[in-house]
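According to TrEMBL:
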{"type": "TRANSMEM", "residues": "26-45", "note": "transmembrane segment"}
{"type": "DOMAIN", "residues": "82-272", "note": "domain 'ABC transmembrane type-1'"}
{"type": "TRANSMEM", "residues": "86-109", "note": "transmembrane segment"}
{"type": "TRANSMEM", "residues": "121-141", "note": "transmembrane segment"}
{"type": "TRANSMEM", "residues": "203-229", "note": "transmembrane segment"}
{"type": "TRANSMEM", "residues": "249-272", "note": "transmembrane segment"}
Amino acid sequence: MFRQGLAARLASGGARFRALSTSSKIALLFIVFIALVAIFAPLVAPYDPLQTLRPVQAPSGDYLFGTDRLGRDIFSRMVWGARTSLFIGLGAVGVAILFGSILGATAATADKFGNEVIMRFMDILMAFPGIALAAVLLATFGNSVPVIIVTIAVVYTPQLARVVRANVVSQWEEDYVRAERVIGGSRTYILLKHVVRNTAAPVLVFATVMVADAIVFEASLSFLGAGVQPPFPSWGNILSEGRNLVLSGFWWATTFAGIMILLTVLALNILAEGLTDALVNPKLKRSTQSKEDVAKPLATDVQEAMSETLALKRYLLKLHEKETTRTDRMQLNSTAKPILQVKKLINPFPKSLW
């Protein structure tokens, strides 16, 4: 049973991958490549990202992306910076999904007062400019990587809570949820057993977009000096450290980091679009097709029923006509001549009986 279930899951996963468009598959492969580079950064990077070599060297065979003003290899710093940026982006969105799902599901299933309290608090958080709110939190609690993850999660939690709440509300009034509530299913059981699987696809698509936004958000914070602090590498502080060199004509100081951020964010957005077509839209297509499949037999059955009703009416009309004709024949006709006329019929009894 376990092997059969595992085989079915692998088959379904392969079918979903094949359902992706070509551009989405390329984007997914690119993201997997960047993730592998980040995981195996010690093996990929030719130099220590903190090692001082020859300052301000143009891209060459020894230094693929050149060196910065302190002589550190930019390619090695970008490889290690990929680990930092991806870890912060994925971690922030993961924390935001956790708290956003709890708050959104609670607001969707709570009474009016609870819903208003939670959603108005989310509105207050969304009213603050994201960069300003993050800068205040980082200035208060420090700018270590865990604090940066939690800070970005605080900024993105209201958006994810709104998405989760909208999807849970749409599912909470479905017949299967009402049936579970009638038989005594608890709210937590219904959410975890039934609602989560039906709301996971749109939340996953939105989370993919949020990972791209979180990477850009971290790069913005690091560029402003409020994010990951040097000498620890990230794509954002590579841009921040190289901006003065660009003004002096050393174009490679920020170009490669900017291109890497651009390609990663673009790949995540393309993947999110492909996931929308593969996970969300097929449900709409299947529901539409199922309705059409149900409607066609129903229409055929209705037409057949109407034709059978008309045939039955015609048959009953013929029977009525035959019955009327038969009844007319059985009525007494006084004008017709009798077939046999008997007069003076006498049947005397035998005398022996007396």
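Keep in mind that glycine also has a Cβ here, set from the backbone N, Cα and C atoms.
Using a cut-off of 8 Å between Cβ atoms, the transmembrane segment (86-109) and the transmembrane segment (249-272) share fewer than three residue pairs, counting only pairs 6 or more apart in sequence. Here the listed stretches are 121-141, 203-229, 249-272, and the one with the most C-beta pairs under 8 angstroms to the transmembrane segment (26-45) is 249-272. Sequence-distant contacts of the transmembrane segment (203-229) (same chain, six or more residues past either end, CB-CB distance under 8 Å): 84-86, 88-90, 92-93, 96-97, 101, 130-131, 134-135, 138-139, 143, 145, 148, 152, 155-156, 159-160, 163-164, 167, 235-237, 239-240, 243, 261, 264-265, 268-269, 271-272, 275-276, 279-280.
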